[in-house]
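J.: Swiss-Prot feature annotations, pasted as is:
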DOMAIN    2-217  domain 'Glutamine amidotransferase type-1'
ACT_SITE  86  active site, nucleophile
ACT_SITE  194  active site
ACT_SITE  196  active site
């Protein structure tokens with residue numbers, strides 16, 4: 001199992017992801033600069049947190065035009081697994097791989113805390129080892145993590161069982177307490193919490209480890 005971690009100007013969680021996948025889980029991991037287009041040999045691609053291209057205009061709005069993202073569209077269409085964490089989730093919505101948008105938090109403040117979560121759907125390989133209704137805690141750190149979508153899109157997400165994670169205590173005003181969603185096929189997951197920061201007891205818990213182990217299934 002080989003993992004690729006996309007790196008944009010302004011990414012700041014790419015090394016954390018590599019530490020989690022390679023250092024904690026022993027998965028060969030390759031960092032991919034935003035100008036690269038070669039995703040061959042990879043089983044999964046992770047879009048990490050940070051502030052891609054400074055998050056100018058809108059979070060993820062510029063990153064969507066990166067050459068690596070155009071290659072990612074084909075990778076995902078062929079069933080490749082894609083995980084977007086925080087800014088990576090924002091990029092996936094801008095790219096159109098996931099519906100909706102991430103906007104300013106309800107209270108207009110940056111939030112950095114541990115968030116209690118509930119697994120809503122375990123049909124995606126990322127979450128199948130948790131089981132539905134599993135409670136877990138993952139760190140969040142974002143200023144624009146409020147998930148928003150139309151009523152029609154929300155119904156489509158519900159009908160497709162594509163709401164993956166909900167906040168138990170909504171910290172940012174996300175519609176329907178949504179913390180993470182998948183595409184219809186389940187191979188693309190976007191979430192605002194940071195599983196890579198919860199992979200070792202020494203750094204604050206291991207609830208994220210199981211999610212990243214979904215890369216191996």
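Each position is counted from 1, following the chain as shown.
Here the Cβ of each residue, glycine as well, is placed from N, Cα and C on the backbone.
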J.: If you count the other Cβ atoms within 10 Å of each Cβ, which of the active-site residues 86, 194, 196 comes out on top?
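T.: Neighbour-count leader: 196.
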J.: Indicate whether residue 86 (active site, nucleophile) is helix, strand or coil by DSSP.
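T.: SS state of residue 86 (active site, nucleophile) = coil.
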J.: Could you state the CA-to-CA distance between residue 194 (active site) and the residue listed as 'active site, nucleophile' to the nearest Å?
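T.: With the alpha carbons as reference points, the distance is 7 Å.
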J.: If you measure residue 196 (active site) to residue 86 (active site, nucleophile) at Cα, how many Å is it?
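T.: Cα-Cα, rounded: 11 Å.
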